[in-house]
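Enquirer: Structure in structure tokens, see below.
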């Protein structure tokens, strides 16, 4: 039974109350009980509006379902459908042209294009690794990944392999040729680097293997250095707004094998990182929410630490310090040692038992997230922490899963109330709008208008957006297979539309226009071939699954000047509303029994592999092996798309409930085997009826049509609490 404190018209779980009163509030100047009083007032004033918006979602969905059912068996009439959506209020007027006016935005968001990490904030090690992924070793990323083949004696092995090391150095040299080309020759031919004076500014000089000397093709590419001018230990380069270090040490195990003594090339990598309270996190009660907020506190005050065992040694992880150099102009130069951190709060749907209102009802979780994470951000805004996160005096909150401009307006109103409660200046709280719901996509310009003074981020997300696409049009007919979605008309239009509308609304120089996640952290060669498409599409950030991926993806932002791409794209609209409203239906399904079973196997295995860790162990994001044992980074978005596709096929008779249950049981055995090495794992196949996780997975599919917008949170939260009560974990 949760112990609660009555304060401010609320009933607050004891552990959360203590966290605020004893750990968060004292240094901020905010009275702890006054904080809860403000929250109570916000809940009373805005709670009903929150519920109205959710009711509106349901009413719109019911109307769309009814429209499709009335035309069942008829060819889809796109023109009539569009008119219906306008009359329904689903499609809203775009309104006049405008430009965002957001101010006090850090350059990492407003000016610099680069990789973005997203990590579950309740995992301290992941959070610290992400915050510290601002800088990453290119040598390590290349040596340990599949970017370089392991043939011709270049195996990774268990200890350093000089043959592989040579290939790493050659690849890194080619990267330097793109980042900071020499006036003559290549970095791979350099045998010594040094610095010379040039009218009061240092200039890089390189001696080549033929004895000739050269400099950078663009001398301004040298930003700074460390060490002696005739024997530097670090050369700091700058290109497309990103920095790269050449680290030199001829005595080093690696450096001694390089002609110029280069022991590493360090990339400025994850310029920004989203600390996630949402889709990658399993936080279902006061205990879980308290852990989430405590880690955010540790990131803001600089005290977060964790330890891990590596090679028989205990390693302490903490936030990295800033990096100091001598600037090329001779003055001291300091660069941030950490990624600029944003935080993703939950959306408008869920409520939380961590705090109850005066009537004993759970309060909206998004309102609680906003208040507590903003209170904690005062450590940064008031300079109370060990390091600064925002140097512009802003806090960056990403809001997910909003449906249309009214819901964005509600979030903006909430932010204003939070600022008033915490004594912040207006528009201190900036907003990132995830474009991952269909009603937001088709009304994106109107959504941005509602947040035009706060907007710092929009992005696309294939997985959630496809889940909503399928749920919205559930009654329209059977959907195409999951793999075919990526080449569908609506999806390509969605990706272009997001960039074009963002540029049209003046986000350039003020906000990020982002692209989605590469979900295969072990397949870096594939990422290097494919993900350059994101900067080429005009996105100034894109999601990566690991610090290694961030280091490698950073290369793409040297190969592509995103600012120039955005210049070319400005003023265009490459997609139309008609494209966006194209429903991804299979009008005449002719799949073979084998193809149908293949789709069932693939999706059931993925659902079970993710849900079993979520429900039984509270792991909201992890590398889950797929049916071919390829590790995929899974979160609730991947679960949403898989469960909604199967729910759609079941509803339209492509498969039967018996087929799904047979597949679920067979795939549970596969997942059990894949997790056999995990001592904390509870097998599902030993007792299907008794496995809470197995039952949760089945419920998500068999009752997928009933889930609000196809979301998985209601089932997952209820089942996770059931598992905690049953197993005590």
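Cβ coordinates come from backbone N, Cα and C, glycine included.
Copied straight from Swiss-Prot:
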type     : residues                     : note
ACT_SITE : 344                          : active site, proton acceptor
ACT_SITE : 635                          : active site, proton donor
BINDING  : 118, 125, 126, 280, 317, 545 : acetyl-CoA binding site
BINDING  : 344, 436, 461, 462, 463, 464 : glyoxylate binding site
BINDING  : 436, 464                     : Mg(2+) binding site
MOD_RES  : 621                          : cysteine sulfenic acid (-SOH)
Enquirer: Are there residues of the same chain, six or more positions away from residue 280 (acetyl-CoA binding site), whose CB falls under 8 angstroms from its CB, and which are they?
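Expert: Within the chain, residue 280 (acetyl-CoA binding site) has Cβ neighbours under 8 Å at 118, 119, 120, 620, 621, 635, 636.
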Enquirer: Would you pick out, from the recorded positions 125, 344, the residue whose Cβ has the largest number of other Cβ atoms within 10 Å?
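Expert: Sorting the candidates by Cβ neighbours within 10 Å, the top entry is 344.
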Enquirer: Among 125, 126, 317, 545, these being the binding-site residues, pick the one whose CA is nearest to that of residue 436 (glyoxylate binding site).
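Expert: Comparing Cα positions, the candidate nearest residue 436 (glyoxylate binding site) turns out to be 545.
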Enquirer: In whole Å, note down how far the CA of residue 464 (glyoxylate binding site) lies from the CA of residue 126 (acetyl-CoA binding site).
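Expert: Roughly 23 Å, rounded to the nearest whole number.
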Enquirer: Is it possible to get the count of other C-beta atoms within 10 angstroms of the C-beta of residue 463 (glyoxylate binding site)?
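Expert: Excluding its own Cβ, residue 463 (glyoxylate binding site) sees 22 Cβ atoms within 10 Å.
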Enquirer: Measuring Cα to Cα, tell me the gap between residue 461 (glyoxylate binding site) and residue 125 (acetyl-CoA binding site) in whole angstrom.
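Expert: Distance between the two Cα atoms comes out at 25 Å.
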Enquirer: How many Å lie between the Cα of residue 317 (acetyl-CoA binding site) and the Cα of the residue listed as 'active site, proton acceptor'?
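Expert: One finds 23 Å between the Cα atoms of these residues.
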Enquirer: Which one is closest to residue 463 (glyoxylate binding site) in space, judged by CA to CA distance, out of the recorded positions 125, 344, 545?
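Expert: Result for residue 463 (glyoxylate binding site): the nearest of the recorded positions is 545.
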Enquirer: For residue 344 (active site, proton acceptor) and residue 545 (acetyl-CoA binding site), determine the Cα separation and express it in whole Å.
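Expert: Here the two Cα atoms are 16 Å apart.
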Enquirer: Specify the count of other C-beta atoms within 10 Å of the C-beta of residue 317 (acetyl-CoA binding site).
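Expert: Excluding its own Cβ, the number within 10 Å is 17.
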Enquirer: Of all the binding-site residues here, 126, 462, which one's CB has the most other CB atoms within 10 A?
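Expert: Compared across 126, 462, the most Cβ atoms within 10 Å surround 126.
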Enquirer: Using C-alpha atoms only, work out the spacing between residue 464 (glyoxylate binding site) and residue 125 (acetyl-CoA binding site) and round it to an integer in Å.
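Expert: That comes out at 26 Å between the alpha carbons.
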Enquirer: Show which residues of the chain containing residue 545 (acetyl-CoA binding site), separated from it by at least 6 in sequence, have their CB under 8 Å from its CB.
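Expert: Listed in sequence order: 517, 518, 519, 520, 521, 633.
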Enquirer: To the nearest whole angstrom, state the Cα distance for the pair residue 125 (acetyl-CoA binding site) and residue 462 (glyoxylate binding site).
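Expert: Here the two Cα atoms lie 27 Å apart.
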Enquirer: What is the biggest Cα to Cα gap, in Å, among 118, 125, 126, 280, 317, 545, the residues listed as binding acetyl-CoA?
Expert: 21
